[in-house]
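Record features, source TrEMBL:
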type     : residues                                             : note
BINDING  : ASP15, LYS37, 65-74, THR121, ARG185, GLN194, 214-215 : substrate binding site
ACT_SITE : ASP65                                                : active site, for OMPdecase activity
ACT_SITE : LYS67                                                : active site, for OMPdecase activity
ACT_SITE : LYS67                                                : active site, proton donor
ACT_SITE : ASP70                                                : active site, for OMPdecase activity
Amino acid sequence: MDEKEIKERIIFPLDVPDRTEALAWVRRLGGEVGVFKIGLELFTAEGPEIVRAVKEESGARIFLDLKFHDIPVTVERAVARALDLKVDLLTVHALAGRAALRAAALAAEGGLKILVVTVLTSLTRADLMEVGLSAELVRDIRELTLKMASLARISGCHGIVCSAKEVSAVKEAFPRLLTVVPGVRPAWASQDDQVRVATPAEAAVAGADYLVIGRPIRQAPDPREAVKKIVSEILKGLEEA
Ligand SMILES: O=C(O)c1cc(=O)[nH]c(=O)n1[C@@H]1O[C@H](COP(=O)(O)O)[C@@H](O)[C@H]1O
């Protein structure tokens, strides 16, 4: 993989409060990353119009990360609206269950890719037990992720979102599922609220197709330089692997 291909696989989340800041980041990082992610904060503030604005300004691919988690018909209809917006990637939560995932996959057909969110990178075993999962089930988060990945595959979804800790097991079991990995932290960046983290090189070597990297870039003194550093670390990691 060369530098250009690696950049295409970096997703920058526009986790900012408004359109002005979002478009400033799009201009600042133009050509350095392949995908811009619009998540709950920006979408709640600006609505669907922000998707059109980011698309127009960047020409990059758009990942709408609203993590739909609802009954099948509601998910199906919401996916249809995302299709109207012409986004490239969209998240649905695994806990919505097989019927909702299937409905999402069918509604997305031919237009966008559905990514199934598995176990959030901010969650520890204790957090998972607190929401009612058994100690046995959370002993191996990989197993839990694999169950959700299997559901994604069976339902006809295109990929999953998981931490770098689980990605190699997912790739081994389901080589055709796209893997999107957040919770990515270069050795020089702070961990913030992420728990199950890995460096960009570790995540890429483990088999991540896309890396979501926000604050390590956003909080860097020179964000474009930070992306370049990340890309060269990934390149080096892949060459050495
Ligand atoms: O679906 C996601 O993108 C996601 C899933 C997950 O398990 N963990 C996670 O951090 N994310 C998102 O990935 C981004 C991570 O941002 P940073 O922690 O700033 O790199 C945020 O936009 C999160 O919403």
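Every residue gets a Cβ built from N, Cα and C, even glycine.
Predicted automatically and left uncurated, TrEMBL annotations should be read as such.
Only GLY214 of the recorded positions listed as LEU66, HIS69, ASP70, GLY214 bring a Cβ under 6 Å of any atom of ligand 1; the order follows the sequence.
Within the same chain, the residues at least 6 positions away from LEU66 (substrate binding site) whose Cβ sits under 8 Å from its Cβ are GLY39, LEU40, PHE43, ALA78, ALA82, LEU90, THR91, listed in sequence order. Ranked by CA distance from ASP65 (active site, for OMPdecase activity), the binding-site residues ASP15, PRO72, THR121, GLY214 have ASP15 at the top as the closest. When the alpha carbons of ASP15 (substrate binding site) and ASP70 (active site, for OMPdecase activity) are compared, the span between them is 23 angstrom.
For THR121 (substrate binding site), the same-chain residues 6+ apart in sequence whose C-beta sits under 8 angstroms from its C-beta are SER163, PRO182, GLY183, GLN194, VAL195, ARG196, VAL197. Annotation note: HIS69 (substrate binding site) sits in a coil segment as assigned by DSSP.
For HIS69 (substrate binding site), the same-chain residues that are 6 or more apart in sequence and have a Cβ closer than 8 Å to its Cβ are VAL92, HIS93, LEU95, ALA96.
Ranked by Cβ neighbours within 10 A across all protein chains shown, the recorded positions ASP15, ASP65, ASP70 are led by ASP65. The Cβ of LYS67 (active site, for OMPdecase activity) lies under 8 Å from the Cβ of LEU40, THR91, VAL92, HIS93, VAL117, each of these being in the same chain and 6 or more residues away along the sequence. According to DSSP, ASP15 (substrate binding site) is assigned to coil rather than to any helix or strand.
Proximity of GLY214 (substrate binding site) to non-local residues of its own chain (separation of 6 or more, Cβ distance below 8 Å) is seen for PHE12, PRO13, ASP15, PRO182, given in sequence order. Over all protein chains present, the Cβ of PRO72 (substrate binding site) has 18 other Cβ atoms lying within 10 Å.
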